[in-house]
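Marked as domain 'Threonine synthase N-terminal' by TrEMBL: 6-85. The feature domain 'Tryptophan synthase beta chain-like PALP' is assigned by TrEMBL to 105-399. Residues or ranges marked as N6-(pyridoxal phosphate)lysine by TrEMBL: Lys119.
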Amino acid sequence: MSSQSYRSTRSAADQAVSFEEAVMTGLARDGGLFIPSQIPKLPEDFISKWKDLSFQELAYEIMSHYISSSEISGPELKDLVDRSYSTFRAKDVTPVKVLDESKGLYLLELFHGPTYAFKDVALQFVGNLFEFFLKRRNAGIEDPAKRENITVVGATSGDTGSAAIYGLRGKKDVSVFILYPTGRISPIQEQQMTTVEDPNVHTLSVNGTFDNCQDIVKMIFGDKEFNEKHHVAAVNSINWARILAQITYYFYSYFQVLKAENNDAAKIRFVVPSGNFGDILAGYYAKKMGLPADKLIIATNENDILDRFLKTGRYESSGDVKATFSPAMDILISSNFERLLWYLVRDNMTNGDDAKAGETLNEWMVQLKTTHSVVAPESVTAAARVDFDSERVDDEATIQTIKAVYSATPDNYVLDPHTAVGIATTFRFVAKDKQEGVTDLKYITLSTAHPAKFSEVVNKALLSFPEYCFDDDVLNDDLRSLATKEKRILLIDEACKEKVKKAIEEELAKESKA
Ligand SMILES: *Cc1c(COP(=O)(O)O)cnc(C)c1O
């Protein structure tokens, strides 16, 4: 096993931190994101060696290239991986489904975890990692006042909150507080979050908007006194461990398609519905490790900063976030994109100099914050286009794609709206290939959520089909049963930081008595 350390994307010095520090602090002190000091390169024969491994075995192999065994031993890592994926309903964890055999189209179903969205793949693992590190730090300390504990605080418009709750429920020395806007998340998402019985889980329904919730969380993070007292932590999408856990399914699905095609030289592209760029960034790491994927294709909704960057080289936020049918991808700026920019700058502008790349990134990110715009040199955009391509899909095309796939598949397959953005993109690329006479490309589109989580949009698309019935065709017993469970909700009647702080302190006091 390798020795691996981490650095910040904004650091102009060679300061290394451990995997544990990168995971437990999340964001670097200089505001940058943690990246591994080196991307491990796999030996030439890795395909024949890894092709038949189970998801868990692959996860272990990949992760052990990024975590020094002096930090987490082999058997400990194996145990963490096994426990993290034992909560998935599918034996394969992330199964691959044939969408259209004749065209070489595959779907990678990432929604078989506890909250039915792809974020579970990462957050089940992150929850166990937090617990592992805290357990070690607290070994032998009985006095609760002396034990190190963390208070995770987050805001959600849906998917992240429930996946974080299911990742952290019941974990010792961890408390979780998730804020969401009252009446503005889907019923199933609210049921998922509020029916969890573990005493360390707290859901705060805030009378306000998602932006209000996010602002309160930011203010709480900036509140030094509160922070020192309660050790406030985040599990947002910039945490390195989330990216790491997601690398596995790129390898896993690649091997499944090689086997399905009976061709180890098949040319495979990944299409990824993208928002904060965390999911597809894991594909970039897989590619740099040596996975011979042909291209990674970014599929955005109308919040299209990534698509505009690839087409113009301008990384700029424009106006306000647009509320679309794929809400988990409604972002102005993609926080994880900073990591890709660092590699592009280092390899194309600073001659491989890590510290100089950090300096440039720091300048760019300051500029992005003040002027909302960074223009990358042509060398950087050209390099981005070697690994990536992109498309932008609007709400109308999202609906049309859900309809088209439902009609065209023998089992009337129902896409969730995020996955539909991905499939719409795939269809456009397949059409382009046909025009250009390209016939040998295979496509794996990442399916990021179960359709039942987004009933409103799915019904909008499918209710015109006479035989369609949401309750029979989309819902399942597990999700149906949520509606009958008791909900635990703390109502915060005003979007106000002090009221949220007070509620958190009261709940923490109750927890420590329990
Ligand atoms: C979070 C999420 C995405 C976007 O993933 P990023 O890593 O932010 O690019 C897409 N679909 C669903 C259902 C999600 O929950």
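Placement of Cβ uses the backbone N, Cα and C atoms for every residue, glycine included.
Under the three-state DSSP scheme, the residue listed as 'N6-(pyridoxal phosphate)lysine' falls in the helix class.
In terms of DSSP secondary structure, the domain 'Threonine synthase N-terminal' (6-85) contains 33 helix, 9 strand, 38 coil.
Non-local contacts of the residue listed as 'N6-(pyridoxal phosphate)lysine' by the CB criterion (under 8 A, 6+ apart in sequence, same chain) comprise Asp159, Thr160, Ala163, Ala164, Arg242.
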